[in-house]
Structure formats: structure tokens, C-alpha cells
Amino acid sequence: MRRPKKYEAGEATQYISRRAALRKLQLSLNDFRRLCILKGVYPREPKHRRRAQKGSSEIKVLYHTKDIRFLLHESIVWTLRDYKIFAKKSNRDRAIKDFRNLKRRLALFPEIKLDHIVKERYPTFIDALKDLDDCLTLLFLFSTFPSLHLIPREQSNLCRRLTIEFLHYVIASKSLRKVFISIKGYYFQAEIKGQKVTWIVPHYYPFKPQSRQEVDFKVMSIFVEFYTIMLGFTNFRLFHGLNLAYPPQFPSSVLQDSEESLKDEASFVSDRIAALNFELLRTDKVQEDEEELDIDMELLEQDGDSKRIIKMKQEAQEVSRLRTLFKGLKFFINREVPREPLVILIRSFGGKVSWDSSVFAGSAYDESDETITHQIVDRPSLATQYISRDYVQPQWLFDCVNQRQLLPTNKYFLGEKLPPHLSPFVDSKRDTYIPPEEKALLDPSLIETHAQSDDDSEDEAEKEEEETVDQELLDAQLQLAYQQETAEYKKYGGPDGVNEDEEDPEEDDEEDDDDDEEEEEEVDEKTKRLQQEKQKMSVQSGKVHKVNKRQVHKAEVDEHRLQARMVKPRHRNLFRKLIREKQTKEKEEWLLRKKRRTIEAGEKEARKTAKREARKEAAAAAAKASKLGK
């Protein structure tokens, strides 16, 4: 039996460096990177890097050897090699000016087909839905890009069309569940076939060119190339599941890229939003307004009234109410409000929406329509207002969806200070800092107390100021009375403030007390026991227990040291990591509480100064009125 040599087995044979992989596949670095992105092959981190690199101490990019063997049998490798042959031959034809041969070669340009890779990476439809988050986020980003060197106009147009098709499915299926506004953009979460899909729609800003060191558009465009094929397959399956015609047919005036629309960015964006405000063509004759059948709860009665079944019933009822949250309501969006996220929201929950037809295309009705129930405005005031509708700020729509009910509009009127916009994507039972507004939402009993806390604190502050003034006056009066009494005692009484003539009767009283004490000693033991039991049962005043913080901290440190000693040596790094994470969480919570206290203190001080100024103005006005009256 031959003795195995070093690095012929184990981790050394499981990993291969990138240079060796390029040599084995006979590809350039750019082609290898493109192939790995399309096939889903990524670098790996070995457990023992020195062994995996066959004793080398330098840091290399390593891949699994089985992944590289897997790439050897891929048909795309031959297409990438055909690209090299095509480039060499076409360059030769240009050099010798053989344009006839060059035209023939351009017609036979090798194209990469990715259909088989999508089916290979996602064997089932649910697998594709699970990996849809990054796909949608990247395609929504690329749909807003202009034509660049590495991003052709055809690619951004394809991204725009695919994302609009997906949004139409979300609107038709009413599968939207959560929304949130952040600095990055608008977060949306939909529930499709039992899978939660979350994506970001970026804010609309004019495009700003980025340097290559910051953003590598070439790598991103390779991801987009794969994701467009994947989303096309997904949209086809989703549309046919709802009996909708695919590809959807839009009006001739919408999504038709002409020279004018490509030059004017505003009209390019307005076409995209107008496409969301049209009904889609169905393959069956069922009306879209027809409500879905209620969930048959009798199938779930086999387990009885278990907690899981009750929770499922409640969730199903909340979702059914959420799907028709804006049904019967008509909205009008003012020109200063971003329309795309609001159109998605309103149409996903059964509402109707429109905007100014003189500015943007695709409006359904004018502002003068008397049946409009809500107008979305983002300015402090309006010149003309209608009595028949509510004028609210855009945050009202997002908060209604997240709380799954129509909220009162008085907190969202024009010019009102908006309540905090809470994220629905955080866990309500987390161990970190929870804002008081979120606590009030979780516990309805805290809503009134939290709403009245500011007023109560202001009233308490005013009362404290008045009480301090009254207390100072009372202390001065008591001090004066005490001085007078001590002077009288020294003048007419003894050193203890008692006359000497009155001392004899007190001595007699003391003798009587001694006799009473002797009689009490003769009481039976039973009565003593009863008295002792009564004393035990009596209510006594509580004593304040002052906690020594130093002792508590010392006890915690000792306990932590004892825990660290009990940890096994192989688990000490994990223990330290857990303790470090715990400390960072505590520090973040402390910083957030401190930030909240400083903000509340500043707001409280501002309200106090405003009230004082108002009182001064009222007093000055009253004094002026009295002078005029005289």
C-alpha cells in the first residue's frame, strides 16, 4: 500500500484557488466572474486556510473543487469561448475592410441563453419566490437609470416593464401587507403563495454619476441579466395563476418609448406611474371586483379550539379586512406628493386614485369631483378646499396599512405635526429599546395616558412652581411662630418650657401609671398571645429600602466572572462574542433612551417658553384694555 503524501487528502483537495480554476476552465477573469454569478458559485472560507492552501501563508480566493468541476460541463463556457473567436475574426475583418464577411458574422453573433440555469437553480416555483427579494430591489433600482456605458437603454426598459408587471400582480391579487418609508426608499412586503417577499422602491432623484471605485456597474449588470430572466418566468406563472393575460396589454399612449419621452425624464417617470392606474385584461369572464370566497374554517376544526387554530382564524380575518381597507374611497394626489408608492398602496387595497391631468398623464377624474373622499397634500395650506373631503398628509396611508385599520385623520391634517412613523418590520417582543408610541399601540390601555402625559407634565410643572412659592411663605410664617413660642417659654416657663408649680401633679400621675403597669402584668398569657397576634396582623408604615448600586454592580461582576470560569476553553470565544453582543445592545438601548430624553426635554422647554410668552402677551393685552377702559 502506497503511503499518502502531504496535501493529497483532506482540505487541500477540497479547495482550489481562483488562478488554478482559471487555468482549468481556460477563461479570462471577467468571463469567469460572469459565469460564477450566473451559476451561483461563490468563494468559500475554509476552516483551516493554511491546510487548504497547501502550506501557503498568503491569502488567496478559494472555491470548492466540486463547484469548478460542475462548471466544466456548463454549455455557457463554450459560448464564452465563441465570444473570443467572434472578437478575433470580426477584428480581422475590420482590419482588412471585408465588410461583407463582417456583416455575415454580426448576424451570427453568439447569444447566451439562461433559461436552463433558472430552472436548474430554482427547481420549484416556491424556491424562486424565496429568492425574489434581491431580484426585485435590484431591478427597481435599474429601472430608474438612464442609458450608461455599461447599462444599455434596452436593459433599463426591460427592468421597468418587468417591475410594472409585478406591481400589477400585487395590485390584482391584493397581496400587499406592510409598507415603510426610510432614507433608502419605500419598503414593501407582499405575501405570495405563503412566502413573504420584501423589496425597496428607491426615491426618485435625478441620476448622479458614480466613480468606478464606488460602484461596479459591470458586475451589477450581470446580476440584472440573470434576474430579468428569472422575474420574467415568475411573472408568467403569477399572471396565469390569476387568469390574467400575459404579457399585459397597456394603452397605446403608455410605455411607448419615443424620442421625446427618452429626452424628458419627467414624462418618462409619469408614463411608468400612469401604467399602474389601468385595469388588466383577464382571460376568464369573472369580474375583478368580485370578492374572494371566505376561507373554509370547518377544515381547521379537527384540532378543536387550539391556540394555533384561533390565531390562524384571527390572522385570516385581519387579512380579509386589510384587502378591502380603502374600498369605496376615492383619492386625489396633489402635484407635490410622490405618486408611485401612493398609487401602489391605494390600488392594492381597493381604492381609486387620480391626479392633475394637466400635469401628468393617466388621471381618472379631476380635482373638482365631489365624490372624492380624501385629498393627499404635502403643503401647509391650500387656497381652495372642499368641505366634502378630508385633506391629509401622505403618512396617513402608510400608518393605516401598517395598523390594518382606517385611523382618525385629525392628526394628519394640513400643517399638523405628524406622529412618529413606526416600522412594522421589527419584532414587537424584542429585548431592545421600544419607543413609548409603539408600546401604546401594543397595549391600548397606554394610549390615553401617553397622549395626556405631555399635558399632565406641564400641569404638574405649573403646580410645582406654585407650590414652591406657597411653601416658602408657609416656612417663613412657621419660623416666626416658632421664635415667638420659644421666647414665651423662656420667659414664663422652665428650661423645658414647663412651670415648676405643675410638676407635683405629674409625679402623682406617674405613681398611678406604675400601679396600672403592675395590674397589666397580671393579665393571663392568652390575652398576651392574642395581643401579639393582633399586632402582627396590624398595618404598619412601610420603610424605604435604599438600594446600594455599588453592591449590586459588584455582585453582577462577580457573577459574570464565575460564569466565565465555568465556560469550557473551547467555548470561550463564543462566550466572549455573546457577552460583547449583549453589551453593544445595552449601550445602543441606553443611547436611544438618552436621545429620547434630550428630545423630550427640549420639546418640553419649548412648550413652556411658548406658554410663558402667551401669558405675557395676554397680560399685556389685558393691561392695555384696562388703561383704555379708564
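Just so you know, glycine gets a Cβ as well, placed from its N, Cα and C.
Among the features that TrEMBL reports, compositional bias 'Acidic residues' is placed at 454-470 (among others).
The annotation compositional bias 'Acidic residues' is assigned in TrEMBL to 498-524 (among others).
What TrEMBL records for 525-536 (among others) is compositional bias 'Basic and acidic residues'.
Under DSSP, the residues of the compositional bias 'Basic residues' (543-552) split into helix, strand and coil as follows: 4 helix, 0 strand, 6 coil. Per TrEMBL, the feature compositional bias 'Basic residues' maps to 543-552.
For the compositional bias 'Basic and acidic residues' (553-562), the DSSP counts in helix, strand and coil order read 10 helix, 0 strand, 0 coil. Annotation source TrEMBL lists compositional bias 'Basic and acidic residues' at 553-562 (among others).
Per DSSP, the compositional bias 'Basic and acidic residues' (599-618) is made up of 20 helix, 0 strand, 0 coil. The annotation compositional bias 'Basic and acidic residues' is assigned in TrEMBL to 599-618 (among others).
Taken from TrEMBL, the feature compositional bias 'Low complexity' applies to 619-630. According to DSSP, the compositional bias 'Low complexity' (619-630) comprises 11 helix, 0 strand, 1 coil.
Residues or ranges marked as domain 'BRCT' by TrEMBL: 321-414.
As annotated by TrEMBL, region 'Disordered' applies to 438-470 (among others).
Here TrEMBL flags 488-569 (among others) as region 'Disordered'.
The annotation region 'Disordered' is assigned in TrEMBL to 599-630 (among others).
When the compositional bias 'Basic and acidic residues' (525-536) is classified with DSSP, helix, strand and coil residues number 12 helix, 0 strand, 0 coil.
The residues of the domain 'BRCT' (321-414), classed with DSSP into helix (H, G, I), strand (E, B) and coil, number 25 helix, 14 strand, 55 coil. When pLDDT values are averaged over the domain 'BRCT' (321-414), the model yields 89.
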